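Now, the feature entries from Swiss-Prot:
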{"type": "CARBOHYD", "residues": "Asn40", "note": "N-linked glycosylation site"}
{"type": "CARBOHYD", "residues": "Asn74", "note": "N-linked glycosylation site"}
{"type": "CARBOHYD", "residues": "Asn160", "note": "N-linked glycosylation site"}
{"type": "CARBOHYD", "residues": "Asn179", "note": "N-linked glycosylation site"}
{"type": "CARBOHYD", "residues": "Asn246", "note": "N-linked glycosylation site"}
{"type": "CARBOHYD", "residues": "Asn317", "note": "N-linked glycosylation site"}
{"type": "CARBOHYD", "residues": "Asn346", "note": "N-linked glycosylation site"}
{"type": "SIGNAL", "residues": "1-15", "note": "signal peptide"}
Amino acid sequence: MKAIIVLLMVVTSNADRICTGITSSNSPHVVKTATQGEVNVTGVIPLTTTPTKSHFANLKGTKTRGKLCPNCLNCTDLDVALARPMCIGTIPSAKASILHEVRPVTSGCFPIMHDRTKIRQLPNLLRGYENIRLSTHNVINAERAPGGPYRLGTSGSCPNVTSKSGFFATMAWAVPRDNKTATNPLTVEVPYICTKGEDQITVWGFHSDNKNQMNKLYGDSNPQKFTSSVNGVTTHYVSQIGGFPNQTEDGGLPQSGRIVVDYMVQKPGKTGTIVYQRGVLLPQKVWCASGRSKVIKGSLPLIGEADCLHEKYGGLNKSKPYYTGEHAKAIGNCPIWVKTPLKLANGTKYRPPAKLLKER
């Protein structure tokens, strides 16, 4: 606290005697106290700041992930999550991740019916893990799966390094080689193949088309039934036949069909089950993921470093312990949101100058 100088002047003369008491200058600082309401004080320290919007940044002291695969050029995060050819690369480990893509999330290779499953959530699911890797081996032998033998279908919109036609590495498009007939529901078990106790994210789906194409590919033009089961959760689907407008993906041929893609999360040692009919997209390479990465909505590119990442303001450096303005999710070493500004009184209570006393 600042010391108060008390000056007592006594002037004696033949004239009147004038006394002055405690004096201080006028104070513009007002603080609200719990017991006395608003009080004028001689000094305050501001404890709050009101941020302005800025670019997002890397979080100080941690690895921050923007795109799932920074080196996968011209690829959406869904492309990476489905392992589209030319979009397969290393996903860096990170303690914090930026959710930067807006809906609708798209992927090339083949038109996807996004709204029938939770597939749009797959990139965000992966983003929530600190460490993510794609398995080197396939989880099942798709060509010899029940109902086969199968040839593996491809799309001209999915060129890879060796061919002008390919498909997602996470799935195998199972097209019967010779036995193009209707089939009763078939069952395949999906084993756990991750090797480090990670969560296993297994992608699968099914293809449907108009009646002519369904007969040509599968020998059955009726709606097909599909089921996935894992960790006690079972999901059912029935394919839609026809009624799709032609759609072109990334300069490929117009497609009259659609694919529905879903995923299941297998905990260590847990086996999943897929029950299917014609048109199944059998799981192949799986994601093995571990650790936790904090996820926040933001935008790219990430420029520089910041103490805090805030969904509304971007990267913030903590100059005060509290902030006012828009309240939103934030991660890192962040100020605390308060509704009104806070001040710390570091002076004394203001006292007005004593009245002049005139004695006769």
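For all residues, glycine too, the Cβ spot is worked out from N, Cα and C.
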Asn317 (N-linked glycosylation site): tally of other CB atoms within 10 A of its CB: 16
Cα-nearest neighbour of Asn160 (N-linked glycosylation site) within the listed glycosylation sites, Asn74, Asn179, Asn317: Asn74
Site with most surrounding Cβ atoms, counting all protein chains shown within 10 Å, from the glycosylation sites Asn40, Asn179, Asn246: Asn40
Rounded inter-Cα distance in Å - Asn246 (N-linked glycosylation site), Asn74 (N-linked glycosylation site): 23
Closest of Asn74, Asn179, Asn317, Asn346 to Asn40 (N-linked glycosylation site), Cα positions, glycosylation sites only: Asn346
Lowest local Cβ density among Asn74, Asn160, Asn346, which the record lists as glycosylation sites, within 10 Å: Asn74
